[in-house]
Amino acid sequence: MLLAAVSLGLLLLAFLLLLRHLGWGLVAIGWFEFVQQPVHNLLMGGTKEQRILRHVQQHAKPGDPQSVLEAIDTYCSEKEWAMNVGDAKGQIMDAVIREYRPSLVLELGAYCGYSAVRMARLLPPGARLLTMEINPDYAAITQQMLDFAGLQDKVSILIGASQDLIPQLKKKYDVDTLDMVFLDHWKDRYLPDTLLLEECGLLRKGTVLLADNVIVPGTPDFLAYVRGSSSFECTHYSSYLEYMKVVDGLEKAVYQGPGSSPVKS
């Protein structure tokens, strides 16, 4: 009995120390991704992403992007958490799309296609969205999600690592410069890929970078770079982590042209 009590106490202490170090947001993400999801996979079969797609196919209306978004939001808020941009931050994204009306958008990180559907439904006629996804299983689900929403003609999925695909955009994908970039992939790639976009001449004066999850999990090096560089004019939009009451935010960084930067690598 004493040993059990001591063990429980040590586990509680370890949890509290982890919570203090990481914060509620990262601990919650870890719980959902590494504890809850494997259990659900075992009990329900398939993957979480496949279950999200199946829910959309069963509950959304084909050819209706808004109903697709609502079905994903309902599933992820009531059944299984997933790292989509979500409706709270999604409304901020909508406002940015409506303000700038981009004709060519690059998305880094497609996941299940939520943000691709969200952006593509608001793009003006003739506009296109290129979305990069390193995981071929996620890319396949994104394609099915776009097909179901009726947006397949507006979006092209590029499968591979962003650092490999970005240098190919001009020659292989007929890109001159980008009007908007949505960053929502690996957080440690935000800064390197921003630098790569600059180096490849893919940004023009007025190109909008919109970065998700800059607070949780967090992108401190990216924020330090864009906020400290005269090449960018930044605006922070405080919001909540998708499907949680945990503070997160989006960072908008509008490219002003080459300037002084605190980071050179």
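Note that Cβ sites are derived from N, Cα and C of the backbone, with glycine treated the same way.
As written in Swiss-Prot, here are the features:
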- 20-265: topological domain 'Extracellular' (TOPO_DOM)
- Val85, Glu107, Ser115, Glu133, Ile134, Gly160, Ala161, Ser162, Gln163, Asp184: S-adenosyl-L-methionine binding site (BINDING)
- Asp184, Asp212, Asn213: Mg(2+) binding site (BINDING)
- Lys187, Asn213, Glu242: substrate binding site (BINDING)
- Ser260: phosphoserine (MOD_RES)
- Ser261: phosphoserine (MOD_RES)
- Ser265: phosphoserine (MOD_RES)
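When the alpha carbons of Gln163 (S-adenosyl-L-methionine binding site) and Asp212 (Mg(2+) binding site) are compared, the span between them is 19 angstrom. Per-residue pLDDT, averaged along the topological domain 'Extracellular' (20-265), amounts to 91 for this model. Long-range Cβ neighbours of Ser115 (S-adenosyl-L-methionine binding site) (same chain, at least 6 residues apart, Cβ-Cβ under 8 Å): Asn84, Val85, Gly90, Met93, Glu107, Phe182, Asp184, Asp212. Its Cβ placed at the centre, Gln163 (S-adenosyl-L-methionine binding site) has 13 other Cβ atoms within 10 Å. In sequence order, Ile159, Gly160, Ala161, Ser162, His185 make up the list of same-chain residues 6 or more apart from Ile134 (S-adenosyl-L-methionine binding site) whose Cβ falls under 8 Å from its Cβ. When the alpha carbons of Asn213 (Mg(2+) binding site) and Lys187 (substrate binding site) are compared, the span between them is 8 angstrom. Overall, the recorded substrate-binding residues Lys187, Asn213, Glu242 cover a maximum inter-Cα distance of 16 Å. Site extent for S-adenosyl-L-methionine: the farthest pair of Cα atoms among Val85, Glu107, Ser115, Glu133, Ile134, Gly160, Ala161, Ser162, Gln163, Asp184 sits 22 Å apart.
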